[in-house]
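Listed in TrEMBL:
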DOMAIN    10-229  domain 'Glucosamine/galactosamine-6-phosphate isomerase'
ACT_SITE  Asp67  active site, proton acceptor
ACT_SITE  Asn136  active site, for ring-opening step
ACT_SITE  His138  active site, proton acceptor
ACT_SITE  Glu143  active site, for ring-opening step
Amino acid sequence: MKIIKVPDYQAMSEKACELVMEKVNTIEKPVLGLATGSTPEGLYQQLIKKHHHHEVSFKNTTTFNLDEYVGLSKQDPNSYYYYMQEKLFKHIDIPREQAHLPNGEGDNLQANCQDYEQLIKAAGNIDIQLLGIGLNGHIGFNEPGTSFSSRTHIVELDESTRKANARFFSSLADVPSKAVTMGIGTIMESKQIILLVSGEKKSDAVTRLITGEITEAFPASILQKHENVVLIADEAALKDR
Ligand code: GLP
């Protein structure tokens with residue numbers, strides 16, 4: 001794992017933007033794996049800025065988001081679909097049909113998961129997967145205990161994850177109890193993974209990620225086995241190292 005230590009959130013976002021742009025500008029048909037949460041917002045702002053300055057175009061880019069809540073409509077401001085439109089897609093030139101998210105709606109969620117896996121495969125797998133990390137070590141919505149060989153699947157969210165994400169909802173009761181997420185096996189097939197971590201509250205998780213035992217009890221620990229991971233973390237997140 002390559003570790004890039006940066007002073008703060010802004011520097012983390014800028015460094016990540018640089019790496020993403022490098023790929024998007026050199027690969028003919030780049031495939032990006034995208035994440036939500038607070039962590040990648042700064043990166044998306046940077047990418048939008050660079051796009052407006054004509055330094056990057058997403059016309060030939062295909063994207064796959066990591067996860068989506070089950071049961072929230074696309075118009076729901078808390079759906080990740082809505083988040084991606086607002087924070088990135090509507091500000092850049094990606095053709096809408098090339099930007100994919102898992103589908104957490106409908107009667108056959110299982111079929112949605114299989115379709116998503118097919119789409120990723122058909123695109124030739126992910127060139128760069130962006131990742132954040134949950135306090136309990138989750139990646140995407142793969143909670144502790146998820147099999148390392150899992151594919152896109154439906155998950156029951158941990159109480160701690162629902163609490164951590166309740167800040168975006170009007171109340172904890174409104175946070176969905178289920179989500180659909182790329183599996184850990186799916187994520188590990190990405191050619192490169194860029195993991196972003198900022199802030200002191202993530203410092204324990206980062207230490208465990210870098211030096212802890214590789215165990216399904218801490219999903220992010222599997223990243224130690226991936227041959228091309230770049231961790232971009234700020235000083236606060238790396239305070240114990
Ligand atoms: C959320 C998302 C994850 C994200 C993580 C951290 O639940 N499903 O993909 O990486 O939690 O979020 P944040 O960046 O807001 O700390």
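We number each residue from 1, going along the chain as drawn.
Cβ from N, Cα, C; glycine included.
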What kind of secondary structure is His138 (active site, proton acceptor) part of, going by DSSP in three states?
coil
May I ask you to report the DSSP-based helix, strand or coil state of Asp67 (active site, proton acceptor)?
strand
As a whole number of Å, the Cα atom of Glu143 (active site, for ring-opening step) is distant from the Cα atom of Asp67 (active site, proton acceptor) by 12
If you check the active-site residues Asp67, Asn136, Glu143 one by one, which have a CB less than 6 Å away from any atom of ligand 1?
Asp67
CB neighbours of Asn136 (active site, for ring-opening step) within 10 A?
17
What residues, ordered by sequence, lie under 8 A Cβ-to-Cβ from Asp67 (active site, proton acceptor) and sit at least six positions away in the same chain?
Thr36, Tyr80, Pro102, Gly140, Phe141, Ala179, Val180, Thr181, Met182
